[in-house]
Amino acid sequence: MAERVLACAPCHGAQGEGTRDPYFPHLAGKPAGYLFNQLVAFRNGRRHYPPMNYLLAYLPEAYLNEMAEYLAGLNPPLPPPAVPTAGKEVLATGQRLVTQGDASRNIPACTSCHGSNLTGMEPGIPGLLGLKPNYISAQLGAWRYGTRTALAPDCMQVVAGHLTEVDVAAVTAWLSSRPAPEERRSVPRGTYALPFACGSQPQ
Ligand code: HEC
Ligand code: HEC
């Protein structure tokens, strides 16, 4: 598998650790079920990025599953946090939305699904640390505009649908500036209950 994923290394790093590119996400250590869902999503056109759609076209699920397991098992350090360009108030708003949400606007705390340390939960919920600001805001935008979808019920589409552009900027600024936690592995399935259902996270 190490040889097979060489095709991915220019964009995702030889160990799936990410590259200096300001957009490309790291892959290593994300939950295998999450990675598998994304590989299927690119193969089937549910997520859009032509080089990835092309690379994964026609690959069978058993192969994508092996690839996902392999990448999930790698454990290089997370990419370094971004130096925040936003002001203190924006960062404070981002922190509040991520850790507490905003009940008056139906925004749940991101930590209620992504975990109090934001490291995610197996099998389907990814951690949110080590991602580049451009990538985070593009993914939230893609859900808001329906160009990225996940297995139904698509809880992220509901969450993103309640965020404004200003919220997205604040959440992105705060998340991307967080240092890596000591234990970056996702917690096991069933460690906590989600506030509402996600099709990609069987409970
Ligand atoms: C030309 C650069 C490029 C190559 C080559 C490439 N990727 Fe990607 N990959 C991307 C980009 C960019 C994204 C994010 C696309 C988006 O949704 O905006 C991505 C997203 C992903 C994701 C989803 C990550 C997440 O956190 O949701 C996975 C999984 C992935 N790639 C796996 C692979 C694998 C496995 C290979 C090799 C077979 C590969 N990629 C090859 C650029 C690349
Ligand atoms: C009800 C549970 C739930 C809540 C609340 C939630 N998420 Fe998610 N999130 C998910 C799931 C499930 C996925 C994986 C979806 C998939 O398979 O594509 C996800 C994926 C993501 C991703 C994609 C990561 C990547 O590597 O591409 C981002 C970014 C994200 N969430 C941000 C947020 C933010 C910001 C908040 C708070 C405003 C939030 N989430 C709240 C369940 C949730």
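FYI, residue positions are counted from 1 along the chain as it appears here.
The backbone N, Cα and C atoms fix where each Cβ goes, glycine too.
A TrEMBL annotation is a machine prediction, not a hand-curated record.
What you see is a predicted model, and the numbers here were worked out from it, not measured in a lab.
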What does TrEMBL list, out of M67, M156, as binding the same heme c 2 as C110, C113, H114?
M156
The largest Cα to Cα distance in Å among the residues C110, C113, H114, M156, listed in the record as binding heme c 2, is 11
I'd like to know the mean pLDDT over the domain 'Cytochrome c' (89-179).
97
Distance, C11 (heme c 1 binding site) to C113 (heme c 2 binding site) (CA atoms, angstrom)
28
